[in-house]
Amino acid sequence: MIELLKKIFLVDLFQGLFVTFRNQNPKYIYTEQYPAERPKVAERYRGAPRLNINPDNGETLCISCNLCALACPENLIVVTSERSEVTKRKELVTFTYDTSRCMFCGLCEDACPVDALELTQDFEMASYTREGQIWDRQALEEGPRPTQYKC
């Protein structure tokens, strides 16, 4: 008998509508307007890699020790160097980093003795090709450029 009265008076319908209208209050809405408003990431977030540059002379801080490549469990970092005749030190020739295979563990960053390589808080690394995911030295020094959307 009670079930029949509930069906007649549409109790279930009104309970559902009550829940819907109760959650229409703007203070309960958690939608982010992503392209217009960039989300804040956690302080310890590890995102896009970057090769740091010495601000005094504009050269890279990398000393070509290859420790980052050895520490990487995915073997995605390739460092090549040459010994300079003038300074008798190793100089960085190429530095490639495959972001498509990276799991952003931070082991390469921890292994670097001069803090030349760091994982930034940038998270927009999408590209249309696989070749766009392989960053060379110049791309790593510049860092990712966030896409500018027109709103």
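Each Cβ is built from the backbone N, Cα and C atoms, and glycine gets one as well.
Helix, strand and coil counts from DSSP across the domain '4Fe-4S ferredoxin-type 1' (49-82) read 5 helix, 11 strand, 18 coil. Summarising the annotation, Swiss-Prot assigns domain '4Fe-4S ferredoxin-type 1' to 49-82 and lists sequence analysis as the type of evidence.
Residues or ranges marked as [4Fe-4S] cluster 1 binding site by Swiss-Prot on the basis of sequence analysis: C62, C65, C68, C112. The Cβ of C112 ([4Fe-4S] cluster 1 binding site) lies under 8 Å from the Cβ of C65, L67, C68, each on the same chain and at least six residues away in sequence.
Residues or ranges marked as [4Fe-4S] cluster 2 binding site in Swiss-Prot: C72, C102, C105, C108. Counting every protein chain shown, the number of other Cβ atoms lying within 10 Å of the Cβ of C105 ([4Fe-4S] cluster 2 binding site) is 14.
Annotation source Swiss-Prot lists domain '4Fe-4S ferredoxin-type 2' at 93-122. Long-range contacts of the domain '4Fe-4S ferredoxin-type 2' (93-122) within the same chain, counting only residues at least 6 positions beyond its ends with a Cβ under 8 Å from a Cβ of the stretch, are 41, 45-52, 60-63, 65, 67-74, 76-82, 130, 133-137, 140, 143-144, 146.
Counting in whole angstrom, C108 ([4Fe-4S] cluster 2 binding site) lies 12 from C62 ([4Fe-4S] cluster 1 binding site) by their C-alpha atoms. Spatially close to C102 ([4Fe-4S] cluster 2 binding site) yet at least six residues away along the chain are P49, E74, L76, judged by Cβ distances under 8 angstroms.
Counting every protein chain shown, 16 other Cβ atoms lie within 10 Å of the Cβ of C65 ([4Fe-4S] cluster 1 binding site). Here the C-alpha separation of C72 ([4Fe-4S] cluster 2 binding site) and C62 ([4Fe-4S] cluster 1 binding site) works out to 16 Å.
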